[in-house]
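Right, one structure below, let's go through it.
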Amino acid sequence: MTAILERRESESLWGRFCNWITSTENRLYIGWFGVLMIPTLLTATSVFIIAFIAAPPVDIDGIREPVSGSLLYGNNIISGAIIPTSAAIGLHFYPIWEAASVDEWLYNGGPYELIVLHFLLGVACYMGREWELSFRLGMRPWIAVAYSAPVAAATAVFLIYPIGQGSFSDGMPLGISGTFNFMIVFQAEHNILMHPFHMLGVAGVFGGSLFSAMHGSLVTSSLIRETTENESANAGYRFGQEEETYNIVAAHGYFGRLIFQYASFNNSRSLHFFLAAWPVVGIWFTSLGISTMAFNLNGFNFNQSVVDSQGRVINTWADIINRANLGMEVMHERNAHNFPLDLAAIDAPSVNG
C-alpha cells in the first residue's frame, strides 16, 4: 500500500486570519459577528464609564436648563445617569464631528447617542455570534432566539420609542434613577400598566422566575445519589456523564401528586422548551407593546366608565390610576411644559366625578 503525501501550500495571511476568527478551539469564540461586536461594545462601555464619571450637564429638554448626570457633578451611584441627547437635536444623527466643538457635543448629550447606537449594534452582534457558534458546533439555534428577547427590549426603549416620540431625549436614561423616571413618565403618558402586552410580559418574567425555582428545586431534590452519606450529593456528578443525574420519574410523581397529574411534564425536552419559551415570549410581547406605545397606541383607558342612573361617576381603580397619571405628568419636565397635554385641552377631563 502506497501513501501519497502532498505538501500543503502555505496559507495566506487572510486565510490564517479567517481560520482563527472561526475556530471553535479558541478559549473565547470570536466569529465574524465578534469582529463587529468587540469594537462596538468596547466603545459603548468605555464612553459609558467616562461619561458616568465626568460628563458635564446636558440640556435634555432643549430649554437651556442642563441636567447633571455624572458623579463629578454631584450625583451618586443611584442618582447618576447618562442623560439622553437634547430635544434640540431630536432624531438627528449627532456624532462628534457634527458639533461645533466637543463642549457643544457634551452639552447636547452626544455621548448618549454614541453609547446607545454602539450598544444596540454590539448586542445584536452578540446574538449573531451565539447563532454562529451554535452553527459551528452543530447545535440548534435556540440560544440566539432566546437572547432575542432582551435584545428586542433594549431596542424598544433605546431606539423604537425615541423614533416614535420624535427625539432621543425621550429614550431611557442610562442609570438607576433614570430608569425609574422613564418608567414613571411612560406610565403617565401611555398607561402601560393597562396594556395587555405589558401584562403578558409581567406574566412571562414572574412566571419564568417561578418555573425556574420550581424546576431547580425539583431537580435538586431528586438527584440520583452516587456518593456516601458523608459526601455531598453534588460530588457524584461527572462532567459529560451519559447517565441521568436526576430521577425525572420521581420529580414527575412528586409534582403530579402535589398539584395534579397533568400539571407535571413527563418529557424533559418539552419541559425545557417550556422553561425557555415562557419568559422569552412574554418579553417579546412587552417589547412589542413598548414599540406600539411609542407611536401613542396606548394602554386601555377605562376612566369614569362606571356611572349611576343619574349620570354621576362611580369612581373605580381606573379613575385612581388616571389621577396618579395626571400627577406624574404634571411633575415631569415641569419647566418645559406649563401643563401636561391632558390638562392643556379646552375641556379638561373631570377627575372629581
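Glycine residues also receive a Cβ, built from the backbone N, Cα and C atoms like all the rest.
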Exercise. Identify the transmembrane segment range according to Swiss-Prot, selecting from 86-101, 118-133, 246-261.
Key: 118-133
Quiz prompt | Cα separation, His198 (chlorophyll a PD1 binding site) to Glu189 ([CaMn4O5] cluster binding site) (Å, whole number) | solution = 15
Quiz prompt | Local Cβ density at Tyr161 (site 'Tyrosine radical intermediate') - other Cβ atoms counted within 10 Å | solution = 22
Quiz item: Of the binding-site residues listed here (Asp170, His198, His332, Glu333), which is spatially closest to Tyr161 (site 'Tyrosine radical intermediate') when Cα positions are compared?
Solution: Asp170
Practice problem: Check the binding-site residues Asp170, Glu333 for other C-beta atoms within 10 angstroms of each C-beta and report the one with the most. | Solution: Asp170
Exercise. Drop a 10 Å sphere on every Cβ of the binding-site residues His198, His332 and tell me which sphere holds the fewest other Cβ atoms.
Key: His332
Quiz item: Top stretch among 118-133, 142-156, 274-288 for CB pairs under 8 A with the transmembrane segment (197-218)?
Solution: 274-288
